[in-house]
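A.B. asks: So that we are looking at the same thing, I have put the structure below in structure tokens.
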């Protein structure tokens, strides 16, 4: 049920907020042991919040836009008084003394916290297998990964363990799991949504966004969480449009660009390619014009990203040294050993790998050859997008080259794991808004994701095109049956 339909039923008194919360809790008790999408459950407080909303409605009070909607929150967003672990032993016992801006805005709008979701440790991964607390399973096939790093949020939405969720996206961590789990995942323009209270991975790339079962809900949630925040110096001080007012507008005459380099990729699965091109044809039937465009440096994004992101991570994660908070190694004789053993034992292998890569790239003898060169290539990638948007309104690609892969398939091959973000990374490097939504299923009944990319701050058009495609294609109405899917 969409947020709009839920709100209508709540306002008419056809259903209570407590009833919805109890439905979600019952669903969690039914399938969570199989999926492991949550790290922390907030059931009793959620019920108490729902009762307050029902009392306000009964008293005739005007309800906020997300009143009673149950949310799951990725466990790298700070929630005051509630554990926020980043799926790491390093922060296993960390309880933030403050609330992140995005969650604060959700609760003010009437949203209810159901729980905190699993992720790759410190959001570094593409499968949710690097979590210190165990992997999350894909609800379409529990032998496969849900994607990452926001795999817990994607799996929870797909399986009906919440109505919507928040995740973070540094190189595809919302869109890739959305693709693997058959849900909608939106990465806004860099700076459109505050990062205050998001535990940093790579500060020039991180962005918070929603997961939902439909584009309309994503638009409603973005409307609530977007907007200027003086506590985040990178947060843009620009008006936030009413996205929901525009998603039903016709896309006739819009120019959709198919990025040539994405469809020529050697590793692109043929079923994925076929589904995405069929989606492009559907958009054409709605009146859009299809234009092939070239972004020559698009596929250089992954090499660029894996210099810049680890470099920023090595700086951001330097604060975890056992001195002020977080895990601290015991039975050490001096400060130097305490720091070394704290980091060696507190961080998992993937986080350590990226810290080492970043430290190397920033070292005195290599900073010009690697980090500064990567920043130059990042500028060229951004210029490719700028040139493309002179001729088109929206860009279209697959979200990921493949559907969800088997658990453990890439654990000993980091490069193969990294390549699953090949098509999502460039939008992060350029700071562009992007969305993934289902566009079909492969022969194994696994969902395939369509990625749409818009120009800076053009989420309105992005959501409009995504919504029009979703309404016309009705992909999820013909989805294969699964007991773990909502």
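For all residues, glycine too, the Cβ spot is worked out from N, Cα and C.
Copying in the features that Swiss-Prot gives for the protein in this structure:
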| type | residues | note |
| --- | --- | --- |
| ACT_SITE | 74 | active site, charge relay system |
| ACT_SITE | 149 | active site, charge relay system |
| ACT_SITE | 173 | active site, acyl-ester intermediate |
A.B. asks: For residue 173 (active site, acyl-ester intermediate), write down the residues of its own chain that are at least 6 apart in sequence and whose Cβ falls under 8 Å from its Cβ; none is a fine answer.
C.D. replies: 119, 120, 123, 126, 148, 149, 150, 167
A.B. asks: Taking 74, 149 as the active-site residues to compare, which has the smallest set of other Cβ atoms within 10 Å?
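C.D. replies: Each of the active-site residues 74, 149 was scored by Cβ atoms within 10 Å; lowest is 74.
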A.B. asks: Can you see whether DSSP assigns residue 74 (active site, charge relay system) to helix, strand or coil?
C.D. replies: strand
